[in-house]
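Q: Sharing a structure, written as structure tokens. Questions coming.
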């Protein structure tokens with residue numbers, strides 16, 4: 001047994017060393033096959049001799065049993081956000097405030113990693129708990145998923161009790177590999193590495209997270225009691241010695257001009273990095289000076305985050321293609337010479353509509369400027385006429401639908417051209433794709449390519465046909481093995497139990513969005529009651545305007561639609577509202593019965609999370625500001641809704657005020 005114990009220790013040392021070389025230093029000294037061989041040897045020993053399995057065993061990285069959900073846990077110390085700077089003037093004002101309070105200052109500049117903030121707790125040197133940032137006060141316990149990240153030490157080099165903060169991210173190489181795999185499986189692609197990292201860390205099955213090859217950079221420690229550090233730079237050096245991975249592209253600078261030089265350097269070099277960054281974090285380096293400056297309610301006074309402007313690149317417009325949406329809108333898309341934008345290769349970008357093409361004088365063959373709106377959606381910003389070739393072609397939208405040949409129309413008051421043929425194949429396929437989407441019937445496994453195959457094979461012609469599919473229908477399709485077929489049929493069966501609002505939204509009734517579907521489902525409770533409503537009744541409902549009322553009644557009066565609903569009923573698709581009625585919610589008086597509008601970008605939660613929480617407290621969340629609005633919650637870059645609220649004298653809360661009120665209720 002002594003020999004076995006020695007071998008286990010040897011395997012631990014070797015696997016930890018090889019893992020660090022591969023995942024942290026990106027410089028492996030042995031081939032993957034050698035690592036896998038040693039790992040399987042250790043797994044076998046632990047299976048046969050469980051007494052040798054330790055909490056810091058390299059086998060933990062493989063992942064464990066799937067969880068039912070993530071527990072909410074309060075942070076020992078709140079995870080605050082940072083104030084933002086968008087230009088040199090913002091930074092100089094920050095510097096002036098600092099120097100007015102503490103005099104001469106040295107700054108620490110660090111890359112702002114574009115990922116997911118996490119908090120890691122260690123007891124006696126062992127990693128015991130990892131949380132997401134959440135709302136800053138409460139996060140989700142994702143410990144098992146974080147254990148699969150090789151850059152996170154399961155055991156520190158010293159037996160300290162400490163909590164560190166960092167940013168979990170997905171390297172670009174892992175992101176490209178993941179999206180290639182998802183594309184092969186006809187699954188929805190991730191928009192960017194940040195979304196991929198967040199989605200990977202919220203997998204209930206940690207084995208799936210382990211396959212995603214995430215990494216992490218640690219950037220701070222909560223309590224410096226056990227640290228021999230007098231500055232942020234020394235604290236990062238100490239973290240390195242303890243076995244943590246910090247970002248080495250940091251720099252100490254003596255003044256704000258040094259900060260600006262650092263920003264200029266990494267603005268030009270950010271694409272050379274193997275991971276995404278979205279800005280620069282600037283901190284007062286001296287820890288005593290940090291203590292002297294303290295905190296506001298939402299952020300430290302001694303730090304700020306400079307956010308990069310949206311990156312713009314020049315490429316060539318090769319062609320313009322058209323797509324037809326489920327409501328018949330014809331949208332032009334730019335086909336581009338592939339170019340890197342904000343870390344990903346872009347070959348297509350939105351042109352929105354014909355008016356935009358003409359207003360911006362965009363022609364096929366032009367050199368055009370492309371950016372990602374919010375670093376996510378590529379769009380053509382403008383053409384460069386001075387570079388225009390002689391053979392550049394002015395684009396004219398067609399007069400007839402490229403899918404069905406029906407004449408296109410422009411409805412009064414709209415900029416888009418529209419195909420109004422109800423039997424247009426492109427619209428029908430897009431309608432099927434919409435029906436199975438996440439906010440509608442949420443049928444996992446029915447991707448675009450499979451739906452197109454099913455439609456072209458005439459196995460489905462309308463949404464009800466989905467519930468009539470059999471194993472014999474699905475098995476002959478491309479890339480559909482037995483396991484995939486079984487999973488898809490199970491997902492279709494599960495979708496039958498969705499609440500009425502999912503079905504209403506999935507039917508694709510024009511002008512009827514997620515919120516209005518929820519309102520109608522809650523109000524009428526069954527599809528049969530909805531089939532009898534009139535426009536006059538609907539317009540009396542708050543949040544249901546004239547357009548929605550007319551569209552819903554016209555749609556539900558159609559005999560073909562009534563036959564479709566009966567076809568769904570025949571397959572026992574649920575047509576009843578299953579949610580909790582707002583009138584039954586005993587919310588807090590601060591929110592109950594109030595009409596609230598969310599505007600601008602929220603940092604401590606998503607808009608959807610905020611809306612759900614407000615609804616749980618009996619509030620009514622609407623999309624427009626009127627004299628009946630009680631409160632407007634204004635996030636970053638709030639625009640016309642905030643201006644209108646100010647002109648109407650409506651109460652306005654910042655995001656932090658909203659979060660503070662949530663925390664008061666939870667305490």
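Just so you know, glycine gets a Cβ as well, placed from its N, Cα and C.
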Q: Given that Swiss-Prot assigns 32, 33, 34, 35, 36, 81, 82, 133, 167, 283, 307 to the NAD(+) site, pick the one from 10, 110, 187, 261 that the record assigns to that site as well.
A: 110
Q: Which residues, same chain and not among 401, 404, 419, 424, have a CB within 8 angstroms of the centroid of the CB atoms at the recorded Zn(2+) site?
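A: So the additional residues around the site are 324, 328, 402, 403, 405, 406, 408, 421, 425, 426, 427.
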Q: Taking only the recorded positions 32, 36, 82, 112, which one has a CA atom nearest to the CA atom of residue 424 (Zn(2+) binding site)?
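A: For residue 424 (Zn(2+) binding site), the spatially nearest of the recorded positions is 112.
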Q: Between residue 112 (active site, N6-AMP-lysine intermediate) and residue 34 (NAD(+) binding site), how many Å separate their Cα atoms?
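A: So the alpha carbons of residue 112 (active site, N6-AMP-lysine intermediate) and residue 34 (NAD(+) binding site) sit roughly 35 Å from each other.
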Q: Between residue 401 (Zn(2+) binding site) and residue 133 (NAD(+) binding site), how far is it from one CA atom to the other, in Å?
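A: Residue 133 (NAD(+) binding site) has its Cα 48 Å from the Cα of residue 401 (Zn(2+) binding site).
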Q: State which of the following binding-site residues has the fewest other Cβ atoms within 10 Å around its Cβ: 404, 419, 424.
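A: Counting other Cβ atoms within 10 Å of each of the binding-site residues 404, 419, 424 gives the minimum at 404.
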Q: What does the DSSP secondary structure composition of the domain 'BRCT' (586-667) look like, as residue counts for helix, strand and coil?
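A: Across the domain 'BRCT' (586-667), the residues distribute as 31 helix, 18 strand, 33 coil.
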Q: Determine, to the nearest whole angstrom, how far the Cα atom of residue 32 (NAD(+) binding site) is from the Cα atom of residue 419 (Zn(2+) binding site).
A: 54
Q: Please compare the binding-site residues 82, 401 by how many other CB atoms fall within 10 Å of each one's CB, and tell me which has the fewest.
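A: Each of the binding-site residues 82, 401 was scored by Cβ atoms within 10 Å; lowest is 82.
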Q: Around residue 283 (NAD(+) binding site), how many other C-beta atoms are within 10 angstroms of its C-beta?
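A: For residue 283 (NAD(+) binding site), the count of other Cβ atoms within 10 Å is 23.
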